[in-house]
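Novice: Take this structure, written in structure tokens, and hold onto it; I'll ask about it next.
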Amino acid sequence: MGRSPCCEKAHTNKGAWTKEEDDRLVAYIRAHGEGCWRSLPKAAGLLRCGKSCRLRWINYLRPDLKRGNFTEDEDELIIKLHSLLGNKWSLIAGRLPGRTDNEIKNYWNTHIRRKLLSRGIDPTTHRPINEPSIASSASQELAMPPTISFSAPNSDSKEDKSGILCKVENNNNNNNSPIIIREKCPDLNLDLRISPPSHQQNQDQPLKTGGPNTTLCFACSLGIQNSKDCTCTHGLISGTTSSNNSGYDFLGLKTGVLDYRSLEMK
DNA sequence: AAGCATTGCAACCGCCTCCAA
DNA sequence: TTTGGAGGCGGTTGCAATGCT
């Protein structure tokens, strides 16, 4: 079986792009705009796969690309975003104007990894290397599917079995089970709240953006706006995040709610 | 100067998700 | 509800540039 190739590979060029190919691609996109990558090569007179054209444009030819060395601020931002998002390079890139996911991915693998290792920090888990390995590394937590929310810290913090700073809050849902909150990035004022997927917000209780009880459903936490899986009153949150930026710092975290939608700048 | 090793990055590959039919 | 096309994404590879012996 297998899927059909994205383009006719027999008559396509591969490898490094020539100046002429670049010129053709840029000229075509300037004239017709982005989109329909599959038909673009033929229309632009390029013997390239559509995906290859898209990649070339996005990673190299786009006029808004910054290029040049990463600044120290960008380094630190990438590290913080990676500790939150893991290898979600496109989301990370969305927070660094003029940088591409491919560029950040390469930079991470060549520079930042080494930088963290030299600091004695595991670049995967963002924890000290000499700590005993634990079951719930940061990246594993990020892969977990339960409801996740971020809220302002309070004084009930304590470490869990794995040594991660946690706090326990009362849960207002039916089973009254406590909500375990793990602080992975205390310097970002973030809590990671994990509760059962069935967790529902009380519809009668409007969400208070940034308050300690603000909770996004898993779908919304991942940026799937208006998803059929949405179980929260995200309209209030998204309305706040999109129309009122006054409470947000550049990470969109100041109010305590990490809205993944805001990380995408497409 | 030559040969080998390492580094950095552009590009490719294959899988996943979304969406229209 | 299913299916297939298209775009997007993350992991990996290939190779030129650079450093080292």
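Cβ coordinates are placed from backbone N, Cα and C, and glycine is handled just like the others.
Automated prediction, rather than curation, is the source of TrEMBL annotations.
In case it's useful when we look at the structure, here is the feature table from TrEMBL:
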type   : residues  : note
DOMAIN : A:9-61    : domain 'HTH myb-type'
DOMAIN : A:9-61    : domain 'Myb-like'
DOMAIN : A:62-112  : domain 'Myb-like'
DOMAIN : A:62-116  : domain 'HTH myb-type'
REGION : A:123-157 : region 'Disordered'
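Mind mapping these onto the model and telling me what they sit next to?
Specialist: According to DSSP, the secondary structure content of the domain 'Myb-like' (A:9-61) in residues is 31 helix, 0 strand, 22 coil.
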Novice: Can you break down the domain 'Myb-like' (A:62-112) into helix, strand and coil residue counts using DSSP?
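Specialist: The domain 'Myb-like' (A:62-112) comes out at 32 helix, 0 strand, 19 coil.
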